[in-house]
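In case it helps, TrEMBL gives these features for our protein:
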DOMAIN    528-651  domain 'STAS'
REGION    1-29  region 'Disordered'
TRANSMEM  124-142  transmembrane segment
TRANSMEM  149-165  transmembrane segment
TRANSMEM  177-199  transmembrane segment
TRANSMEM  211-229  transmembrane segment
TRANSMEM  258-274  transmembrane segment
TRANSMEM  286-308  transmembrane segment
TRANSMEM  379-398  transmembrane segment
TRANSMEM  419-436  transmembrane segment
TRANSMEM  442-458  transmembrane segment
TRANSMEM  470-495  transmembrane segment
Amino acid sequence: MGTEGGGGGDDEYRRRMSSSHHQMQGVGVGGGATVEVNLSARRPFAEKVWSDLAETFFPDDPFRGFGALPPARRAWGALKYFVPALDWAPRYGLAKFKYDLLAGVTIASLAIPQGISYARLANLPPIIGLYSSFVPPLLYAVFGSSNNLAVGTVAAASLLLASIIETEVAADEDPQLYLQLFYTAAFFTGLFQTVLGIFRLGLIVDFLSRSTITGFMGGTAMIIILQQLKGLLGMKHFTTKTDIISVLHSTYHYRHEWKWQSAVLGICFLLFLLSSKHLRKKLPKLFWVSAIAPFMVVVIGGVFAFLVKGDEHGIPIVGNLKKGLNPLSISQLTFQSRHIKTAVKAGLLSGILALAEGIAVGRSLAMVKNEQIDGNKEMIAFGIMNIAGSFTSCYLTTGPFSKSAVNFHAGCKTPMSNVVMSVCIMLVLLFLAPLFKYTPLVALSSIIVVAMIGLIKAKEFCHLYKVDKFDFCICMVAFIGVVFFTMVTGLGASVGLSVVRALLYVARPTTCKLGNIAGSETFRDVKQYPHAKSIPGILVLQLGSPIYFINAGYLRERILRWVEDEENLCKGVGHDLQYLVLDLGGVTSVDNSGIGMLLEIHKSLERRGMMIALTNPRLEVTEKLVLSGYIRDVLGEEWVFLTVKDAITACRYALQTSRSKGENEV
């Protein structure tokens, strides 16, 4: 083998090797013809762009098969895609309605206490929570694609909205402006979600990894539980901050406001609700007991507070709830320059969180029934219902897990269960709303505490620590950030760490040395399969990621290090390293920097008297390598193979031929 720097001997060596390889072309194992890599395939630029866009924005290809339909049926199919109710409504019958009626009534009994509780959590008038359970579910039944999702307000988004909007205006200082900003934030949430759905940009939500959501929801549940100390202890004053230090300090600072009556009643409610959840786990068929338990707490608590005049004896109550359907609030949307930034920020952040939760819940429940939901259609449905909700005195709604799980276990068949729930809420708003004025605040706090306990997934934390330490760190960053700082800080830090991890995977891709599994034609990673044998004089490396400017330098250094290490091993056993085979099957794309990197490696190895062979390049890679001239002018078409086995066979043949010629010349 030639020495570093090259010379006449190196040139002669390369000429012999290339000549041998030309003679070998077309010869496979046992003398059979090999299948050559197709290097002539080309795609027009427009076709490539359209293919990339289609894979990015339409991976599920929802309109496949439409081209063969007549225009009228094609238009009807597109309309049914955007309005799923047109698909299931014509086939709807009494058999399904029986199940949806039961499920709808069941989730309505849960929607009433949750609506009031989460509105209180957001420092909004309790009636707003009931309004938000009336209009949005009707719209979701028309535009939603999930048969299992139950629409309503959620605790995490309620607290997130409150924490952002209270930086602009306090609820007790200017309640009207505070409420207007909630409506405006809901409008921007709906607009944002609709745009994402129409333009198929659901990939943005994918930046919220499962680890981030687990940590964020766990941290949010923790601070929500701590904030319920205000209701459980009957306090009137409390901090508006959400971090654990401020909450505990405020609880201790206002200890003179603690009411033992509220505490005792709260403990009773907590025991009752926790017992109902335990009963559901022991006897799953009695799920309806835990489903209506919150409603029973509201009713029993209201009757008790009415009989003992709780508001006069240390048991604060909700207060007046006016009767009537949602009033229009479109005129209350505020777009003033000094408030618009806060409304947009609150709308976008809460909108992403609501999408992540709603779509994740819908997909997980659909998998149990072997159904599929379209995430982009869900975004459009959420967007439409939040825009309409902002016009009708509602704040942000999505598909909460607790309510959707109850809907699922109650046997729902279609989104009609949401319609049934809306009708029940409508009847409450028209006739029964004033009766809930006596609901004790401690009852609402108890309901929230029990609902939040299920969101702190300690087993999931342990699972992440066991399986993936980096994922565990991402989860803990979200959890600790939310608990000790703010919800936005925790969410942002966790997402940022997730993005850094993704960039590291791209910037530092894995490469591995392949060896032959004895008795087969298979080549595998020698670290994973220590018994896999290296080929004397030939180094086989597998590249497993796109080759871009961000990782081209790293891959160059890593490949050359592999070569140096292999050279040392070869010298130790008395032979030279003469070939480098690069398996490009996992390389999905290459840019100009990547091509430059391959050229640099080729020149570096050429000076050492080595040659490169490429195997199994994909169409996207082959196109660029051919157009750049790398294959034809630098490497040579004869050094591109379909499989690693073909490359190894060719290299061995070339080595044998070269040695035979050398011996004859001597």
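Even glycines carry a Cβ here, placed using N, Cα and C.
Just so you know, TrEMBL annotations are computer predictions that nobody has curated.
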Residues sitting near the transmembrane segment (124-142): Cβ under 8 Å, six or more positions beyond its termini, same chain?
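Distant Cβ neighbours of the transmembrane segment (124-142) are 83-85, 108, 111-112, 114-118, 149-153, 171, 178-179, 182, 318-319, 321-322, 325-326, 381-382, 384-386, 388-389, 392-397, 415-416, 418-419, 421-422, 425-426, 428-429, 433, 436, 439.
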Which residues of the same chain, at least 6 past either end of the transmembrane segment (286-308), have a Cβ under 8 Å from a Cβ in it?
106-107, 109-110, 112-114, 116, 265, 269, 272-273, 276-277, 279-280, 315, 317, 406, 409-410, 435-436, 438-440, 442-444, 446-447, 450-451
Any chance the transmembrane segment (177-199) and the transmembrane segment (379-398) have 3 or more Cβ pairs under 8 A, given the pairs are 6 or more apart in sequence?
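Checked: the transmembrane segment (177-199) vs the transmembrane segment (379-398), in contact.
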Which range out of 149-165, 211-229, 419-436, 442-458, 470-495 gives the transmembrane segment (379-398) the most CB pairs under 8 Å?
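Out of the listed stretches, 149-165 contacts the transmembrane segment (379-398) most.
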Please work out whether the transmembrane segment (470-495) lies in contact with the transmembrane segment (211-229), by counting C-beta pairs under 8 angstroms that are 6 or more apart in sequence and asking whether there are at least 3.
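Counting Cβ pairs under 8 Å, at least 3, so yes.
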So, by DSSP, how many helix, strand and coil residues make up the domain 'STAS' (528-651)?
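Across the domain 'STAS' (528-651), the residues distribute as 66 helix, 22 strand, 36 coil.
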Taking the transmembrane segment (442-458) as reference, which of 149-165, 211-229, 419-436 has the most Cβ pairs under 8 angstroms?
211-229
Using a Cβ cut-off under 8 Å, which residues of the same chain at least 6 positions beyond either end of the transmembrane segment (211-229) come close to it?
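Result: 121, 155-156, 159-160, 235, 238, 242-244, 247-248, 251, 353, 356-357, 360, 445-446, 448-449, 452-453, 455-457, 460-461, 464, 471-472, 474-483, 487, 490-491, 494-495, 498.
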